[in-house]
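Undergrad: Per Swiss-Prot, the features are:
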- 1-342: topological domain 'Cytoplasmic' (TOPO_DOM)
- 14-276: domain 'Protein kinase' (DOMAIN)
- Leu20, Gly21, Ala22, Gly23, Gly24, Met25, Gly26, Thr27, Val28, Lys43: ATP binding site (BINDING)
- Thr168: phosphothreonine (MOD_RES)
- Thr171: phosphothreonine (MOD_RES)
- Thr173: phosphothreonine (MOD_RES)
- Thr179: phosphothreonine (MOD_RES)
- 343-363: transmembrane segment (TRANSMEM)
- 364-589: topological domain 'Extracellular' (TOPO_DOM)
- 365-387: compositional bias 'Low complexity' (COMPBIAS)
- 365-400: region 'Disordered' (REGION)
Amino acid sequence: MAHELSAGSVFAGYRIERMLGAGGMGTVYLARNPDLPRSEALKVLAAELSRDLDFRARFVREADVAAGLDHPNIVAVHQRGQFEGRLWIAMQFVDGGNAEDALRAATMTTARAVYVIGEVAKALDYAHQQGVIHRDIKPANFLLSRAAGGDERVLLSDFGIARALGDTGLTSTGSVLATLAYAAPEVLAGQGFDGRADLYSLGCALFRLLTGEAPFAAGAGAAVAVVAGHLHQPPPTVSDRVPGLSAAMDAVIATAMAKDPMRRFTSAGEFAHAAAAALYGGATDGWVPPSPAPHVISQGAVPGSPWWQHPVGSVTALATPPGHGWPPGLPPLPRRPRRYRRGVAAVAAVMVVAAAAVTAVTMTSHQPRTATPPSAAALSPTSSSTTPPQPPIVTRSRLPGLLPPLDDVKNFVGIQNLVAHEPMLQPQTPNGSINPAECWPAVGGGVPSAYDLGTVIGFYGLTIDEPPTGTAPNQVGQLIVAFRDAATAQRHLADLASIWRRCGGRTVTLFRSEWRRPVELSTSVPEVVDGITTMVLTAQGPVLRVREDHAIAAKNNVLVDVDIMTPDTSRGQQAVIGITNYILAKIPG
């Protein structure tokens, strides 16, 4: 295809209506779906990209991942393919412009900017919870609908293509410079990264929407200047650029753009809430930059009603969540596995220039600057010089970040086709019955009777398993419960350990209505090693044949409960201890 498509021409069955835009990655057209009565956004990728065999393979895989994302703030992917040697992808058509267009048209007010970031944050929290990193967060990818009434709709676009580009290092000079303006330091430095890189980029995007400038402006030697800014300069302030914005907004952006990913917000939603509070003067009592957290997947709810009435992240309802622990029930259809890709994303073909910039900046910086912005430092907690500081209480919003990423769980258990289900956000009454009745907590966590709910301030459970095969699946259950203080967590651990001792070294009987007969479970005598209590449960009957390794521990105000079902006995024992220790290591204290 030597020239761009004209109106009325047909490409891969799609009838072209008009061009919507063009860039280094390709051209986007409004095109009529060949089978359905609707128009879609058809992106035809540049010939340079389409010719690259590695990119083609990655494009197909990442487009499939993007097609599995289903969220009102994410542009839906309908189809992808190749035609006449060109790769293409058909997406939901959003009738409107994007946030970059609105900024240039001088219609991006401060209130609108904070609203747009809040809507994008919903999309990011959902994607991160599925194990998907966007990698190219910038205002041009924030599509704005022309709503007839009510709130403006915001959709995040270009998931799959950005990921595929990042893995191959193919793009154009213009695309590279646009991406550099929002790139996280760990990405530019060639380090491993996760969803928190998206949060840094979202902080850069908010700065741009509020001020009309990129955080680190490019002049002569554009790539060098921008990379140097991201790596070594403190986050810029908005209060001295935009009348009416306070130091509180400076602190919010400073946290989002922290050089150390562990000092950023624990979720995009937490960032958006803090930005709205800074703009409107909402309640921010007690808010400080977040403690280190290894993995960003979700957000906490605004305080108000009881914690169990507030879902975490983008989840709004969990009528029948998959239960944490043994025995496995009939889980909903699993999602496709999402993978955090931890390899270095080469920023582009001209990243040779950017790499040189990193080298030049590093070599000329005899002492890297680590100054903390005054506004952020003012919000940091202080401690007495004579009294050792107490570890901070772990709050509800930080619980998801304590769990290992999906890829790490796969490595722990040695199984790669695991998928994560929707999280469990409150204790769940088990399906079925057990004899003796008090032994439910030994079989699996999350049973309401195991906790004094009046002392619980946060609850987060995640079940990860294989797609259904008709046999007992390999399954990992992770549950973390935050209590009002450390003493309460230790009391709950002691109570659970007592139940385990009473239920260990015997046979307990499970029954569920869908089973033909009860299941006999043999339980081992609990063992305690390095503060972790473990128990093994096995079923060898005709209804179910499975082994479960179960572990509980507590640190600070958090109770940790992990169980693993796998036929590989040695792997299960190692994995349940490994995952428990991983979580404990991330809890302050």
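If you go along the chain as it appears here, the first residue is 1 and each next one adds 1.
Using N, Cα and C of the backbone, Cβ positions are placed for all residues, glycine too.
What you are looking at is a predicted structure, and each value in this text was computed from that prediction instead of being measured.
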Undergrad: Near Leu20 (ATP binding site), which residues of its chain come within a Cβ-Cβ distance under 8 Å, counting only those 6 or more away in sequence?
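TA: Set apart from Leu20 (ATP binding site) by at least 6 residues yet with Cβ under 8 Å, we have Val28, Tyr29, Leu30, Ala41.
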Undergrad: Starting from each candidate's C-beta and looking 10 angstroms out, tell me which of the binding-site residues Ala22, Val28 has the most other C-beta atoms.
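TA: Highest number of other Cβ atoms within 10 Å: Val28.
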Undergrad: For Thr179 (phosphothreonine), what is the tally of other C-beta atoms lying within 10 angstroms of its C-beta?
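TA: Looking across every protein chain shown, the total is 25.
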Undergrad: Any idea what the model's mean pLDDT is for the topological domain 'Cytoplasmic' (1-342)?
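TA: Averaged over the topological domain 'Cytoplasmic' (1-342), the predicted model reaches a pLDDT of 76.
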Undergrad: Where Gly26 (ATP binding site) and Thr179 (phosphothreonine) are concerned, what is their Cα separation in Å, rounded?
TA: 16
Undergrad: With H, G and I counted as helix, E and B as strand and the rest as coil, say where DSSP puts Thr179 (phosphothreonine).
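TA: SS state of Thr179 (phosphothreonine) = helix.
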Undergrad: Where does Gly26 (ATP binding site) sit in DSSP terms: helix, strand, or coil?
TA: strand
